[in-house]
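A.B. asks: Let me give you the structure first, and then I'll get to my questions.
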């Protein structure tokens with residue numbers, strides 16, 4: 001079972017990726033983790049990636065595809081894998097197809113921008129423990145204080161409204177075209193494309209995924 005997850009930051013992909021990995025026993029392949037692992041292992045591709053990154057440049061699509069191909073031959077990918085954060089663009093999706101990396105399911109998590117802003121901007125964190133609260137959906141007992149320690153809660157830099165809106169604009173410009181790309185692929189019988197309503201409770205979304213994936 002080979003799966004691609006699509007959706008804006010804050011659409012709930014991370015939570016559902018965890019559910020899919022545990023239920024179906026397939027690994028999540030994150031391009032960032034893969035690059036770091038290749039560099040650390042000192043493989044041929046890792047050396048190339050390190051040179052590019054050390055020069056402050058972006059790693060090419062060709063190199064990332066080569067890394068994905070190498071990664072999915074490993075034993076833990078025998079029953080499939082989950083791609084999150086890749087492909088991000090049409091050229092990357094085309095390159096994957098040309099490299100013979102076929103995908104069974106493309107799952108799009110659909111959440112309106114305003115709800116995403118609401119979800120992310122309302123997050124409050126207790127940095128020492130990693131506990132996460134939300135001013136509206138999961139408030140602490142005392143406003144601005146951690147339940148267990150009474151210490152102050154903070155807002156992550158990435159969770160500020162301006163940053164969130166900027167990331168959403170980038171997502172719509174770069175990644176949203178993949179939605180029509182994979183819809184066409186599905187119409188041609190090359191994959192199954194499903195749009196998931198990500199505004200519902202986590203358990204409801206997980207239940208729908210279990211029905212889709214079988």
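A Cβ is built for glycine as well, from the same backbone N, Cα and C atoms used for every other residue.
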A.B. asks: Which one of 95-116, 139-160, 161-182 shows up in Swiss-Prot as region 'Disordered'?
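C.D. replies: Matching range for region 'Disordered': 139-160.
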A.B. asks: Taking the region 'NMP' (30-59) alone, what is its mean pLDDT?
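C.D. replies: Here the predicted model's pLDDT, averaged over the region 'NMP' (30-59), is 88.
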A.B. asks: Among 10, 11, 12, 13, 14, 15, 123, 132, 133, 200, recorded ATP binders, what is the largest CA to CA distance in Å?
C.D. replies: 19
A.B. asks: When neighbour density is defined as the number of other C-beta atoms within 10 angstroms of a residue's C-beta, which of the binding-site residues 57, 123 has the lowest density?
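C.D. replies: Per-residue Cβ counts within 10 Å for the binding-site residues 57, 123 bottom out at 57.
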A.B. asks: Work out how many Å separate residue 123 (ATP binding site) and residue 59 (AMP binding site) at their Cα atoms, rounded off.
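C.D. replies: One finds 32 Å between the Cα atoms of these residues.
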A.B. asks: Give the three-state DSSP assignment (helix, strand or coil) for residue 123 (ATP binding site).
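C.D. replies: Once the DSSP labels are grouped into three classes, residue 123 (ATP binding site) ends up as strand.
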